[in-house]
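Per TrEMBL, these features apply:
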- Cys233-Cys248: disulfide bond (DISULFID)
- Cys254-Cys266: disulfide bond (DISULFID)
- Cys273-Cys288: disulfide bond (DISULFID)
- Cys293-Cys305: disulfide bond (DISULFID)
- Cys300-Cys318: disulfide bond (DISULFID)
- Cys362-Cys377: disulfide bond (DISULFID)
- Cys384-Cys396: disulfide bond (DISULFID)
- Cys391-Cys409: disulfide bond (DISULFID)
- Cys403-Cys418: disulfide bond (DISULFID)
- Cys436-Cys454: disulfide bond (DISULFID)
- Cys448-Cys463: disulfide bond (DISULFID)
- Cys493-Cys508: disulfide bond (DISULFID)
- 576-591: domain 'EGF-like' (DOMAIN)
- 638-680: repeat 'LDL-receptor class B' (REPEAT)
- 681-723: repeat 'LDL-receptor class B' (REPEAT)
- 724-767: repeat 'LDL-receptor class B' (REPEAT)
- 768-810: repeat 'LDL-receptor class B' (REPEAT)
- 952-994: repeat 'LDL-receptor class B' (REPEAT)
- 995-1037: repeat 'LDL-receptor class B' (REPEAT)
- 1038-1081: repeat 'LDL-receptor class B' (REPEAT)
- 1299-1341: repeat 'LDL-receptor class B' (REPEAT)
- 1342-1385: repeat 'LDL-receptor class B' (REPEAT)
- 1386-1427: repeat 'LDL-receptor class B' (REPEAT)
- 1561-1604: repeat 'LDL-receptor class B' (REPEAT)
- 1605-1647: repeat 'LDL-receptor class B' (REPEAT)
- 1837-1866: region 'Disordered' (REGION)
- 1849-1866: compositional bias 'Basic and acidic residues' (COMPBIAS)
- 1874-1899: transmembrane segment (TRANSMEM)
Amino acid sequence: MYLSEFSIFLLVSLLWLCSGLCEITKFKMETRLDRYEKNGKKSFERLEDNKDTTFQSGGNFKHLEGFNDSGDHQISNLFKTIASKLNSDLKVSSYHNEFSRKIPIDPTKTISPDNINQHEIPKFRNIGAQKSLIEITGIKDSDRLSARGRDGLIGISKNKQMPFKLNLAVLVQDDPSQPGETYSNCPSQNESDVSACKKVEDIMPKLQKDCEKMGSHVMCPRTYRCISKYWLCDGDDDCGDYSDETHCGVRTNCTDDQFECLNGFCIPSTWQCDGENDCKDFSDEAHCNQTSCTDEHFTCLDGFCISLAFRCDGEPDCIDNSDEHKCAAVINSCPDGEFKCREGLGGSGGPSGHCVLNRFRCDGDNDCGDWSDEENCSRKPSLCTTNEYKCADGTCIPKRWKCDREQDCDGGEDENDCGAVNSSHSLSCGNDEFTCKNGRCILRTWLCDGYPDCTSGEDEVECHLQCDLGQFLCPTIQNETNHKICVHQKHICDGYRDCPSGEDELNCPKQQKCLDPMQCEQLCIKTSLGIDECACRLGYLMDQNRINCTDIDECQYLTSPVCSQKCRNTIGSFICSCETGYILRPDLRSCKALGGAMTLLVANRWDIRRVALSNNRYSAVVKGLHNAIALDFHYRKGLIFWSDVSTDIIKMVFINGTRVRDIIKWGLESPGGVAIDWIHDLLFWTDSGTRRVEVSNFQGNFRTVIASCDLDKPRAVVVHPGEALTFWSDWGPYPKIERAYMDGSERKIIISKGVTWPNGLAIDYPSRKIYWADAKQHAIEFSNLDGSDRNKILSTHLPHPFALTIFEDTMYWTDWNTKTVSAANKISGKEFRAVDEIFRFPMDIHAYHPARQPDYADRCPKDRRGLRGGCSHLCLPNKTSRRCSCPIGLSLKDDGKTCKKTGDKLILVARRKDIRLRQLKNNEEDPSNVDMIIPLDNLKHAVALDWSSDTDFIYWTDVERSTINKAHLNGSEQQRVVHSNLISPVGLALDWITDKLYWTDPSTNRIEVATTNGKLRTLLIWEKLYKPRDIVVSPIDGLMFWSDWGDEPMIERANMDGCERSIISSKKLVYPNGLAIDYDRSMLYFVDGGIHTLESMNFDGSNRKVILNGLGHPFGLDVSDGRVYWTDWDSKSVMSADKLSGKDLSVIIANSSDLMDVRVFHRNRRRVFNECDRHNGGCSHLCLLNPISYTCACAVGVHLKNDKRTCSEGPNKYIIFAHRIDIRQISLDFDHLIDVVLPLPPISNAVALDVDKKTGNIFWSDTIENVIMRSSPDGLNVHKIVGESLENPDGLIVDSIGRMIYWADAGRHTIEVASLDGRNRHIIAYKDLESPRGLALDYEIGLLFWTDWGHYRKIERSHLDGDERSRIVTANLGWPNGLSLDLKSKRIYWVDALLKSIDSCDYTGNQRKLILSSLHHPYALAVTEDSIFWTDWKSKALHMTDRRNISSRRDVMTNIEGLMDIKVIYQEQQNFENICGRDNGGCSHLCLRNPSGYSCKCPIGLRLLKNSTTQCQSLPDDFLLIALRSGIGMISLNSGDYMDVVLPINGVHGAVVLDYHYRKNMLFFADVNLDVIRRVNLLNLSESKVIISTDVLTPNGISIDWVADNVYWSDTDRKIIEVARLDGRSRKRLIQDDLGDPRSIIVYPKKGYLFWSDWNSPSKIERSYLDGSNRSVIVSSGIGFPTGLTIDFENRRLLWADALEDNIGQVDFNGRRRMTIVSYAPHPFGLTLFENSLYWTDWYNKSVYRSQRSPRNGYGNPLEVRDALNGALDIRAFSLSRQPNIVNFCSHDNGGCSHLCLHRGLDYVCACPDRIDPDDIECSLKPKFLVNERLENHQLAEYSDESPDDVTPPEHEENIKKNDVTDHSKNSDTQREFLVLVALGVVIIMVFIVILVIFMLAFNTKNKTTRSSRESSRSVLTFSNPNYNIDGTPMEPKTNIWKRFKYEKPHGIIILSENVHHG
């Protein structure tokens, strides 16, 4: 091969550049480090001064002594080499420049163990161990305090001799806590500087010789430290990699299941690459396979790994936002007008949640299922006390924190508007605080603790410092760092100054042999003054007698404990051991937890993450949360619990993220802490809103309070199951940390001083210590479990610590300010590092590991019944054993284990958001000190209460939900009793004798009564009511009382049937609120919030007496036994007093806002016999008591018959009108007109309505829900009649005779008709319609009328079947709205909102007459024989007038907004019969009236059969099938109107993709909500079957092989493509390798091709045979998100829509001839072809587009043919042309295959399913018979470039060879004859052509004509373009006669092909 000159030039330049850079690097390194050469020489000089010291050692240390003595180089070269390895700027404080014995390392550029092989490690976002200046200056004392041990392992007995050591200047960093100290030879480090490497190799022998020439020192092999031989095997890490502590004694080789560290340690192989430095030299964490992210992670562009669930979730998780790049909008967004939920478990809207309509946002309902639709709505009110400051986000902080120079609010507003406070005046610190020079306040307990907390260290000045035994304290006078420095024994007089001024190296003695007179126990020395004295070895202290030595108990070291967990002191040493579940590491000091690598669980507010420490990768356990604050876990059960303070719910999820469920969702206000007792299966939590610590079981159904008094802001909570203790922090005005046993007993404060904002709590179970983080003091401290022995660990790097956890020797914590998870040593606070910075809002944190939850004794073992501790409800451990506990309101029976089912005496309190109960003690009036929230759902604003002791039910009103409800005392059986015709039910009373509910409603000014089930109801009092408030009843006396807040406040009385009404008190009243009856004394009590009194009086109003004066704002009231109870809004409390004197005042509940009603539940209500007890008094409806007897009552508007017992079925004549959110009825049978809201289901916007006079059913249209509904008047039978393909149904009319419903749709511009059940929809009119609204019909003459208030206003009519349409009024129209008919006079009446009039004309539009004018804004009207009724928007009223006297107008209803349609109904016998008769007129579908009779009509898209006037098609000939999410839509392609209809298929939830089988009339679709694939019979839509339901996650593509009868589908989440038979049997995996994100899929049975798109980056389109073989990529570049794959059979092209690029492209089957055919197609999803038109869906706008192809110009501009669908995803054209009759191998008896027949183009294969049904036949890969494999020309490639590279599979080649051998003899003669005939034919044809050419030339010579030179290029074929037109569309290939024949070998017949041109 030859190189060009240019290539040679580039190569030479590159070599020159590399050489130059190497020299520059070398020069810079040498220059940079010259200044360190002098320091190195001085160190060696100091070494020479101490040569005369002798050493004694033992053990095998040849690995430390194996260096050869050679070479004589300068030490500076070694400095340069090492520095080049560090590759870091060398910066250090002046202190270290002067005294440090190591090369100082820049703390901001720490060498991490990951740097060992940077080229193998991806870029994880991780900050290594960073140290502050304070930590660096503290390194010395931590090094010197390193303890010793392991006498049993060390092979010498004198390891603590020689207290005086020499020292060689160590050349590199010596802090064992700092990673990155390990250095080795150049090859292992991949050094690029060969010369520098050689210098290291050359200097080592000389350096080793200098170190060891005295015989007392040895050099570390990898860190190059020179250490004393006496430091070998002493338990201290002197080399920095523990190499001086290995191979002690007899060397033992590592076993096969162990890993040998570089330092010689042996560790289990499972400890490798677990993120922990078990070798102590990081060699077990080197060379880990961290080069790429796992399959569960997504790789960011910067190399960082995030959870795959975070990909395309709409939230950037990568720093570079690459996780949100190239995301399909169809996944991340919702269609226009919809809101995307944030649920973490997926939905139809994509991974992050499904879509709900925008109107459901902030409506107070949990429409998303996770409350995300209620997020970021108006903030819920937050009340702060007078001693608190309220932050902008509602958080309350102590007011003393305002302007204290520290940001306590998230937004920092607590430090705003401080004036001159911060500048001119210093804030005064508290009595327990010390003021630093800069004004900072620190706790006095921090003074002289050895840690400088003030910036200048003044808190550590003039301190009495003390070191541990055996350590030397550097004099504080010379201590420049203002904190104590302790020097270990072994480093005193070692030749190196450890004290700042070198006091440890002054007056050093020399060891000498002991003289005989000397009596020294161990060593003899001569002091610097020449005096002989005694000395001790390491580990001993000199006794006071100065002769003997005393052992040091190293286990008592506090500053740096020698053992990680357990320590046992020995003579001269110590032994470390571990707790159960841990194992001692090879260093014999630290303990490692058994059970694999630890991961961190972190609540990140919006998600819960699991973070691995080995690589900082994290995965999402659950996403889409609101405000997850606290969490904990149960390891053995695999459960995670967390609290959400936005939704105020505690939830649970499995560790794999499945089965999320609510545990506690009632009675929570701000659950800030969660703790799990993993032994007794208990859940503990704190709530700063309710100010409680509570406990429950894991189901949440048994729950009790363990602490509630003296709590202000409880935050964190932890438990110790082994000690049965619960700890919690309280950061209220009196911050503290408390503890109690788990049953709440022996509660006490353990920490109260020196804590301000104690956030995080954690227990170190092995050491039995409790840790806490204080966000205000910026510190982490610990103490014993009783609060003693308190120590501060860390007070730096803590801007705002929130939560912490302990694991092994490390503490981990989250910080709000830095948004990080950090770590440090749990004892010393050293080794600080940021573990992870990938969080937005890190909250709670826990170490997830089995050792974190050790085993303890179970104090509540299960009995034979499975009950814990034998308790019926809760078993709570305590100090001695356990205690059975009951939920609040229940009490224990005498057995001490079983709880009573219900309480005997309870106090019930209604608060705005909950209802609480509290038990009243037996024989005492003082209640218990805790209350329980009754678990009730959907409570918005409870006001009034009552109860029934017979059923143990409570009843309450909710004024925001406008309901009256009931539930059992335990919260079960909750249901609505009354929910219609209510607005603000504020008063409620129960008649416990006849089971009736009485209530007041000041918004409707009514008093009503109903049965306790709400089924029967009537109106009692409605006149002269102003603002009725509370109500009470006395069924014993038959009386009821109520208060009224009107302009003239009063208290009234009436019988319980509403009769004999009277005012009993009207003076000296302002706000008469609560009423209560003293049944013992027949007295009425009431409270007045205006005059602040509690009073009583007789039932007739006499003997009025003030019981209490000067109350705040009393509201609720009740009387029980001898006491009265009331709620007070001002004092926020529930009070009690003596009912007679008002004395003995007591507080029941304090500091509780939003208090409403109060009731005392007991079982002593009196019962008396009454007439209503027997057969309801004979009443058909309601039996109401009165003082004498009873009265029967009927529903409003219904007459009581003459027998005074029975009610009529309903009103005979009534008005019914739509009021947007409800439908109301006014009976015209009475003189008084009272409207009644019908008990119908919730309505959004009822616009039009009508009544079926035959059944009484009500029909209405809702233009927000876009539905037409039907219901019985009682609301019990409700049905959706039309729920699809509606846009704005403004008008509606019911044909009660013809049994049809007509409606006008202003959005679709149609008038339609259907049967009364909604079936058989038919278009009456759609052309030239704009905004149709009013509808009316006359069945007698068969006419339909409607108004159109569009641009061209008009009133039209047609026959009821839609024929003979005509305009009857076109002039003088403004906004023609409502329409009504006078059937007798045959006249039309309508209202005009623009002209403000009511007009009339006859049916032809003539004889027009103005009826009324000068109206406000009339909308709808109804005409009767006598009256005209109309609704008016502006007057907000329902008006009427007499037809005979138009001026006599009056208002039926006033001051009511939202009045819409109105009808007047007469329940009279109809005069006409249905002309269609019983057999529907013989029509197969619709029989519609017309003036001459009737006609048969077909549903949308269908036509009458040929030669038939009654029978319709079953299906259109050609139509579009559309996946609508919630249904399947159909649009006929034959009718031309493109009207859509939704097929009535039940149970469709998430239809995204679909396909069909034409011959079998089967529809197949995938439901991604249910994760199933269904099959539906299109001829019988009720025949539906789920064919695939298991092992399917997200089926995003489906395609039918209509020849072989197979179904193919892709599964995005399982990354697989599968195939099965049409019934789901014989399922087989086809393709599963190298599939990233498979989506759309399409098959071409004729070619045997399978195509699919893959959205994995980079996106691509692939092709294979139908068996998955011969796989190839055909499109791989310039493509975004290909979807909607479809095939153009005629032109042999594959088409797709690009959801990212918003276009449509095509390519041939081999990936060639690619072109964009539609340049702009926004939001495409599905794509299909029909004839010359291309159809696709716009998923965002929910519409269907069409582009038509012209022969010359290709595809034209898109045209929207249908919009406003419910959804628009996949689309298919159902037509024979799309599934032509194709014959291939598999079309004949399944190719002889037993199960699957898979076509492969030129042959086929039989395949077996992955799992064979035992009941199925045996599967065979060999066909029973062989289908003919000799293919005709039509089955070969039509042109060469369409054929794949390997056209003929190997199997087919073998078959061809066999056939050739077999048929050779048969065909030889035939071939010979054939050749002769062909030759003869060619000769004849050539002669004929010559003659023809001669003739044409002769003719043209005679008749020359001039032709235009501008002929169409389309008719010209050239060599450059022989087969294609100018636009790239292939011309129709010429069909040869022999291509029309196909040979079927099995049948031996010749078949004429029917569809030659369809591919």
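Every residue gets a Cβ built from N, Cα and C, even glycine.
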In sequence order, which residues at least six apart in the same chain have a CB under 8 Å from the CB of Cys454 (disulfide bond)? Cys436, Lys437, Asn438, Arg440, Ile442
Among Cys233, Cys409, Cys436, Cys463, the disulfide-bonded residues in question, whose Cβ has the most other Cβ atoms within 10 Å in this structure? Cys233
Relative to the Cα of Cys288 (disulfide bond), which of the disulfide-bonded residues Cys300, Cys318, Cys391, Cys409 has the closest Cα? Cys300
Can you tell me which of the disulfide-bonded residues Cys254, Cys403, Cys448 is spatially closest to Cys318 (disulfide bond)? Compare CA atoms only. Cys403
What residues elsewhere in the chain lie close to the repeat 'LDL-receptor class B' (768-810), defined as a C-beta under 8 angstroms and at least 6 residues from its ends? 132, 134-135, 276, 401, 406, 408, 442-443, 445-446, 449, 451, 453, 558, 564, 582, 590-593, 598, 600, 630, 716, 718, 720, 723, 725, 727, 729, 737, 739, 749-751, 754-762, 816-818, 822-829, 831-832, 842-847, 849, 851-852
Can you give me the Cα-Cα distance between Cys418 (disulfide bond) and Cys266 (disulfide bond) in Å, rounded to a whole number? 62
Check the Cα-Cα distances from Cys493 (disulfide bond) to the disulfide-bonded residues Cys233, Cys248, Cys266, Cys396, Cys448 and tell me which is shortest. Cys233
Please identify, among the disulfide-bonded residues Cys254, Cys266, Cys300, the one with the smallest Cα-Cα distance to Cys273 (disulfide bond). Cys266
Should one count Cβ atoms within 10 Å of each candidate's Cβ, the disulfide-bonded residues Cys254, Cys266, Cys288, Cys300, Cys396 would be headed by Cys300
Between Cys403 (disulfide bond) and Cys409 (disulfide bond), how far is it from one CA atom to the other, in Å? 11
Least surrounded among the disulfide-bonded residues, given as Cys318, Cys403, when other CB atoms within 10 Å are counted: Cys403
For Cys391 (disulfide bond) and Cys463 (disulfide bond), what Cα-Cα distance in Å is obtained after rounding to a whole number? 40
Mean predicted confidence [pLDDT] for the repeat 'LDL-receptor class B' (1342-1385): 94
Taking every protein chain shown into account, which of the disulfide-bonded residues Cys273, Cys305 has the largest tally of Cβ atoms within 10 Å of its Cβ? Cys305
Mind telling me which of the disulfide-bonded residues Cys248, Cys508 has the densest Cβ neighbourhood, counting other Cβ atoms within 10 Å? Cys248
Between Cys396 (disulfide bond) and Cys409 (disulfide bond), how far is it from one CA atom to the other, in Å? 9
Cβ neighbour count (within 10 Å, all chains shown) around Cys418 (disulfide bond): 14
Counting only residues 6+ apart in the same chain, whose Cβ is under 8 Å from the Cβ of Cys448 (disulfide bond)? Asp459, Glu460, Cys463, His464, Leu465
Could you tell me what the rest of the chain brings near the repeat 'LDL-receptor class B' (1299-1341), counting residues at least six beyond its ends with Cβ under 8 Å? 1248, 1250, 1252, 1259, 1261, 1268, 1270, 1279-1282, 1285-1293, 1347-1352, 1356, 1358, 1360-1362, 1365, 1376-1381, 1383, 1386, 1388, 1390, 1403, 1420, 1472, 1474, 1485-1486, 1488-1489, 1491, 1497-1500, 1537, 1539, 1541, 1544, 1764
Should anything in the same chain at least six residues away from the repeat 'LDL-receptor class B' (638-680) have a Cβ under 8 Å from its Cβ atoms, list it; otherwise answer none. 344-345, 370-371, 375, 601, 603, 608, 610, 620-622, 625-632, 686-690, 696, 698-700, 703, 714-719, 721-722, 726, 728-729, 742, 761, 844, 848, 853, 855-860, 868, 875-877, 914, 916, 932-937, 971
Densest Cβ neighbourhood among Cys362, Cys391, Cys493 (disulfide-bonded residues), 10 Å radius: Cys493
One should report the C-alpha separation between Cys248 (disulfide bond) and Cys300 (disulfide bond), rounded to whole angstrom, as 47
